[in-house]
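*Asks:* What TrEMBL lists as transmembrane segment is 17-42, 54-72, 84-105, 163-183, 195-215, 236-255, 282-299, 311-330, 336-359, 371-394, 414-435.
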Amino acid sequence: MSNSIEDDSFSKPVGRWSVYCYGVGHMLNDITSACWFTYLLLFLTEIGLSSRDAAIVMLSGQIADGLATIFFGELIDRFGHFKIWHGAGAILVAVSFSSVFGGCIPCKLLSSFSAIVETVSYSTFAAIFNVGWAATQVSHMSMVSCITLNSTSRVVLASCRNAFTMVANLSLYGIAFIVFEVIRAETRADIENQYRWIAYLSIFIGCCFVGVFYLGTKEPRSKTGIHGDIHARISWTYWFLKILYYQVAIVYMLTRLVLNVSQAYLAFYVIDDLQMAQSSKALVPAIIYICSFVVSILLQEIAWKEQRLKAYYTAGGILWIFCGVAIILLPRRMSLFVYAISIFIGIANALMTVTAVSMQNVLIDQDLNGCAFVCGSLSFLDKISCGLTLFVLQSFHSSSPIVAGNYSTGNFSITRYGLGLVPAFCSLVGVAVTWTMELRIPSYKPLTETLLE
């Protein structure tokens, strides 16, 4: 009798307040991640590091993140306590992130600003930051499957999380716009001061929202199965024998590549290729995330079925393919069209992200005691693939900035190809893999109340 009551409570829609409190729990990670992918390579090259050294710093952080996700996924599946892992990661992120953008501390202590010392210093703090980031990410993502068994409510939680990801990104770009306008960068010290303030303010805003998450979110009981099987831990091989696991992993990895690679090269594109004003490296990303935020909010009210998940992901992928072509061909004299392109990129990002995360939750279904491993292993693929892709692109960028002739008054650069071609190709492959899936979304009795009430 108690088991049936528990099953029914898990199948009910999640309340509006619970959805919002869960959604803000990743804000610190999101705002620091936005800064990481948008400005790290730009910051490091502006203070004098070579493109290859900047890529090494990025890669060290991505590798640390990827390995940590597997480690934390296993520990969370073994011991539970999502909020403890989340809190420990948040503390590590808050403490270490300011050192990533706060200037080379070991260089000052050693009175040496050689390229080797700077690269090692930034790589070390990047690795520490990403270990904390991984603990928070895996614990927060895997909570969705343990909060509710209702497939539509899981999409609502993922969509709300994605919506607040957009809020975090918009907050970052608002901060960056103000800082870039107020603090003029004429020397290396000025540049470091700009990004230091961006880091400090980002950490403060993120920590405020994390506090709301802790006050409003209860610890899920992940170790009690829906049929009362206590501590029923799922082996890794259980997932490796599922074809759907590999399909979802590929789609999730490609979706994250689309988001992260485009975010990393957007600032380079508008400044170097299109030669727009400095404020555009905050304005263009802001437009993308405003559009993503609106779409994410709208997606919360949709009842999800297999064909609908596939159709919405496909729509996002096709939009990105057209945007990629436009980015490659856009001449410098028509640079203002990048604002129109950014609108469609924002819509595509939201469609692909919400549906990809929802596919991950369909994979987990009711196998709650393996959810952290799934989230961790998929994130591992995401981090390693992204780090290697950016490293390769930066290596080419370092050795040969211009790879082809002209189109009107603009050049075809590695930045242009990295921003246009890579996400478009990943979108195409992701759409193809999506339509090979068999997504079995469980049916629950019709809902008699609004999902978010």
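Yeah, the Cβs are placed from backbone N, Cα and C, and that goes for glycine too.
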*Asks:* For the transmembrane segment (236-255), find every same-chain residue at least 6 residues outside the stretch whose CB is under 8 Å from a CB in it, and list them.
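*Replies:* Beyond its ends, the transmembrane segment (236-255) has Cβ neighbours at 313, 352-353, 356-357, 359-360, 362-363, 367, 370, 373-374, 377-378, 381-382, 385, 426-427, 429-430, 433-434, 436-439.
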*Asks:* So which residues does the transmembrane segment (311-330) touch in its own chain, when a touch means Cβ under 8 Å and the partner is 6 or more beyond its ends?
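*Replies:* The answer is 251, 258, 269, 274, 299, 337-338, 341, 344-345, 347-352, 354-356, 359, 407, 410, 412, 416-417, 419-421, 423-425, 427-428, 430-431, 434-435.
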*Asks:* Excluding the flanking five residues on each side, which residues at least 6 beyond the ends of the transmembrane segment (282-299) place their CB within less than 8 Å of a CB in that stretch?
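*Replies:* Distant contacts of the transmembrane segment (282-299): 34, 38, 155, 159-160, 162-163, 165-167, 169-170, 173-174, 176-177, 180, 263, 266-267, 270, 312, 338-339, 342-347, 349-351, 353-354.
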*Asks:* With a cut-off of 8 Å between Cβ atoms, can you find at least three pairs linking the transmembrane segment (17-42) to the transmembrane segment (163-183)? Only pairs 6 or more residues apart in sequence count.
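*Replies:* These two stretches do touch.
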*Asks:* For the transmembrane segment (163-183), I need the partner stretch with the highest count of C-beta pairs below 8 angstroms, choosing only from 54-72, 195-215, 371-394.
*Replies:* 195-215
*Asks:* Run the contact check on the transmembrane segment (371-394) against the transmembrane segment (54-72): 3 or more C-beta pairs under 8 Å, excluding pairs closer than 6 in sequence.
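*Replies:* Stretch pair touches.
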